[in-house]
Every structure is written in C-alpha cells, then in structure tokens.
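A short write-up of the structure that comes next.
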Amino acid sequence: MLEHYGLMLALGCAVLAIVYGMLSARWVVAQPSGNARMQEIAAAIQEGARAYLNRQYLTISIAGVVLFVLVGLFLSWYTAIGFAIGAVLSGLAGYIGMNVSVRANVRTAQAARHGISKAMDVAFRGGAITGMLVVGLGLLGVAGYFAILQAMGLPLEQNLHALVGLAFGSSLISIFARLGGGIFTKGADVGADLVGKVEAGIPEDDPRNPAVIADNVGDNVGDCAGMAADLFETYAVTVIATMLLGSLTLAETGPHAVLYPLVLGGVSIVASIIGAAFVKVKPGGSIMGALYKGVIVSGVLAAIAYLPITQALMRENAHGAMSLYACALIGLVLTGLIVWITEYYTGTQYGPVQHVAAASTTGHGTNIIAGLGISMKSTALPVIAVCAAIWGAFHFGGLYGIAIAATAMLSMAGMIVALDAYGPITDNAGGIAEMAELPPEVRNVTDPLDAVGNTTKAVTKGYAIGSAALAALVLFADYTHNLQAANPNEVFAFDLSDHTVIIGLLIGGLIPYLFGAMAMEAVGRAAGAVVEEVRRQFRDIPGIMTGTAKPQYDRAVDMLTRSAIREMIVPSLLPVVVPVIVGLLLGPRALGGLLIGTIVTGLFVAISMTTGGGAWDNAKKYIEDGHFGGKGSEAHKAAITGDTVGDPYKDTAGPAINPLIKIINIVALLLVPLL
C-alpha cells in the first residue's frame, strides 16, 4: 500500500511541475512584446533557433532509430521502448524550454522599460519553465514507465533494466544537444567577436554585425536547450541508478529502496515551486541575492520534507532511517558548496577573476597564462567537496547512501536549471535592447540582469559537473553489482596488478581529453567559417558600416547550423563505441578500469574548462566595467583574446564532458549481459 501511495505521490508531483510550467508559459507569452523593431529582431532569433533545433533533432532521430533497433535486438524491446521514451522526453524538455526562452527575451527587454522588478519577473519565470519541465518530464518518464512495467507484472530486475534504456535515450540526446548547441553558440560568439569587436571595433550586439543574430540564437540552443537536456539526463540517470542499486542491495536497504528516490524527487518539485515564488528583487536590491533566496528556500523546504518521508519509507534499512536522512542532507549541502565555490572562481567581486583582469594589463600572453592557472587551480575545492560528500555519505549509508546524496543533489535541478535558463533570456534581452536602439535606461536594467546571468550560467555548469561525477560513481557501483549478479561463481575485483585494468584506466583517462580536443577544434572550424562570412559581407555590402544597408543575418545562422550538425556526430558516438570495443575485446575488468579512468579525468577536465572559461569571460566584463582602462584599452583587447579562448572551453568542450562520462557508464551497464 505504501508503495502505491509513494508512486502516486511522485507521479502527482511530476504532473504538478508540468502544469506549473504550462501556466507560467501562458503568463510569459501574455506579456507585451515591445515595438515592431523589437518584434522583428525577436522573430529572427526565434526562426534561427527553431531551424537549428529541427535539423539537430532530425539528425539525432536517424541515429536514435538505428540504436533503438540494435538495443531491441540485442537486449530487449522493453529496454528499447525505454530508450525511445528517454530520448523523446529529453528532447521535449529542451525544445519547449527554448521556445519559451526565445519569446521571454523580447518581453524582458520590454519589461525593462518599467524597471528591474518587472524585467526580473519575466526573465526568471521564463527560466523556471525550463527548470520545472526538466524535473517534471524526467520524473514522469521514470516513475510513469516504472509504474506501467509493474502493472504489466514484469519482475523488478527486468523493469529496472528497461529503465536503464530510458537513461541511455536521455543521454544520447544530451550529448548531441550539449555538443551541437555548444559548437553553434561558440562558433557564432567567437566569430562575431573576432571580426566585430577586434577588427571592425564595433560593440557587442551591434546590429551591423552579420553574426549578431546567430550569436543570440546560440545563447538559446546552447545554454537553454543544451543545459536542459544535460540536467534532464543527469536527473533521470541518477534516479534510475539509485533505484537499480537499491534493488541489487535489497537485503541491506529494505523493501522501499527502489521507491525512495522517486518520492524524494517528487517532494523536491513542490519545494522548488514554492522557492521560485520567493525570487523577487526590489529596485536597488541584489539580483543574485534574490535568486539565491529562491534556491535556499527550496533547499530548506526539501530538507524538512525529506525527514518524514525517510522515516516512513526507510525504517527497515540496515543503516537506519536517520543515517539515510543524513545522506540526503549531504547531497543538499554539496549543492550549496559547489554553487558557492564556482561563484568564487567566476564572480567579478572575487580574487580569481580580478587576477586574470590584472594580468591583461601586461598583454595577451599573460592573460592566457593567468586564465590557465585559475582553470587548473579551480579543480581543487570542488573535488575536495565531492570527496568529502562521498566519504560522509558512505559512512552513513554505504554505496546506497552515496546514491541518495546524488539523488538529493539532483532533486534541486528544477531550481538550478531555472537559474541557468534565466541567463540566455537576459543576455538576449540586452542584445534586443541594443539592436532596437532602446533608450539607455533600458540597458541600465538589462545589463545588471545579464551580468548576474553570466554568473548563474557558470554556477549551474559547476553543479552539473559535480552531480554528473556522483551519478557516474553510482552507475559504476551498479555495473560492479550487476557483473557480480550475472556471474555469481566469479569474484570481480578491479586490481591494479591486472594489466587489463591498467589498459582500461589509461584508455578511459584519455577519452575526455580526446573528446575535448574534438570539440575545441570543431568550434575553431565553425568560428573560422563565420569570420570569413562576416568579412565577406563587410567587403561586398558597403552600406553595412554606415547603417544604410542591412546585413544578411540568415547566412551566418544557416552556415553554423550545417557546421554544428556535421561536427557533432563523430565525437558524440565516441562514448558509445569505445566501451563496446574495450568490453568485447578486453573483458569486464578492462571495461571497469575504463569507467574509473573516464570519471576521474572527466571530472578534472570538465571543472577546469568550465570554471577557467568563466573566469576569462568575467575578467573581460570586469575590465568593461571601467577597471584597468575600461573598454578599448590594451587590457581590454587582451581580455577579449582570453574570452575568445574561454568561450569554447566553458560552453562547448567542458559541459559536453558531463554526458560523456555518464554515457560510457550506461553503455557498460547495458553490456553486462553480453560480457
């Protein structure tokens, strides 16, 4: 009976999140969208974003159909159906979220005419839609498919293997969306900056720049649709991995270990919806403070709600209900720590960013050296925090305790994605205000909103990486337990004296570097093509710089769309193909080594790239705020170079490593019956 009510609670909360998202979308779209010029610019951004996503999803669907058939033939059709559900829901969360985002941008710009409170309301509500859809659709997919399989009378083991298929489907969408969106957005950004700011000397978001619309489109497909797919996948994967681990250790964890993570996710949705209502800013008030207030309220309410649920469901757990409650609290505390650490390394008010800005005064080279130093140093505190969380959670609840800490951390995804999706909305709002030549007081509202948006985007990347590392660790635990269950007569230990384990470790360690290199080179090629196109238009359409002729915005958008789709395919298949080859050729121990190697180097490479890139970006903004000579100074030119390097670091290669480390683990989990 308790099981039935718990499942209904999870499904009810998932539906509540989707209803909240739909009502908020209706409210946002009902807001005024400004004058004809603003609407024209917004329509161009909407058209570009839609064209890109349609082509991206068409390409993914071709790969998806092939994988659907392979999974069905070699594993089971229930797993294949799960794969399809995960892929469709992940794509849907990103698609709807992005469609709202490209409508909220112009409405935020219009609301900025009436002050910061109104503009903040529109921008945050626009972001909250994506956040609630991610957790709502994620929980609905996992709990709904689980409920259907249970109703069909399938054994628990078969149910959970089918859910691993759902995790694989969401992961596939995630890596394509993260990588393709990242190549598009940074190809546009770097190309627009190199010719616009550096060569032509025109400011950011200047309507004379032929790549300016592509740049604004990129903000949405990268930071909104890309992040939505990334955290949808991490959310779904973590819940499924925790359910699977609970089922494999039922004797220790008690009869409700499979249901517990679903209920935690459900009550956290209610906490996030209440927390979102607290995000209000008064004129002269702190924007970041208002956003953090929402996160803190959500976290505190979730912590309160976890207690009765844990006591009701986990009384029969060998570690005790209060020990598991402590594990859930560790997950929430880790969320706060990761957010604070990332802000420290990427916020303009702190030492690391100011150090990079100061280094810019002595030239381009010293800016790069300082940025690389910060990017490497920034790995220390987050990794120590993750290690402390793993130690604490294991102490209280064993491997299942680590899984619960990861689930609690991911249960805040609704609120965290809202912070992230707020970023491209305010960024676009500033761009629209600039291109539509709105009065300076509008930019005085959109600029501080955008500055905070840059920090929230960096913070959510840190959160996504930390949670991905924990999720991958839980998946690895599932892999080892599944191996043991499938081969009860053999003892599986990943011994460093075993040469196949060492080979696996080394191959796993190189994959994030190889993948990151492919992503960086792809952005370089895409940006180079944009630079050539922008130069051609400046040369062949002489009236652009004087404002008498209009640039061909659609050329850059179309070129980047084709380039991003082409470039994303090979790197995205890397984490699917490599574990299959290693597992089938070298065996399960080498595959285990591969998983650990990828988790370790993936965590460091991802943190280093995203935080370092964020520090370069905000060092440029710090100088633009009037420090070290301000805009147009030699320090500013050096900072633009650093930002140009940092852009693909933080928005393409770094974030795409998150889904990479999880896909490798999921593929390994699916391979267990074949090993």
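Residue numbers in this text run from 1 along the chain shown.
Just so it is clear, glycine is given a Cβ too, placed from its N, Cα and C backbone atoms.
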For the Ca(2+) site that Swiss-Prot lists with D643, D647, give the additional residue from the candidates D617, D625. D617
Among D427, D447, D450, D478, Swiss-Prot assigns to the Mg(2+) 2 site of N216, D219 just D427
Intrachain residues whose Cβ lies under 8 Å of the transmembrane segment (384-404), provided they are six or more past its termini: 238, 241-242, 245-246, 249, 252-253, 257, 260-261, 264, 317, 319, 323-324, 326-328, 330-331, 333-334, 337-338, 341, 466, 469-470, 473-474, 477, 603
Packing count at K186 (substrate binding site) (other Cβ atoms within 10 Å of its Cβ): 32
Count the CB pairs under 8 A between the transmembrane segment (5-25) and each of 65-85, 258-278, 458-478, then give me the winner. 258-278
CA pair K186 (substrate binding site) / K662 (site 'Important for ion transport'), Å rounded to integer, equals 24
Report the residues of the chain - excluding D617, D643, D647 - with C-beta within 8 Å of the mean position of the site's C-beta atoms, for the recorded Ca(2+) site, in sequence order. D189, G613, W616, K620, G642, T644, V645, G646, K650
Inter-residue C-alpha distance, D651 (site 'Important for ion transport') and D223 (site 'Important for ion transport') (nearest angstrom): 8
By a simple count, how many Cβ atoms lie within 10 Å of the Cβ of D647 (Ca(2+) binding site), its own Cβ left out? 23
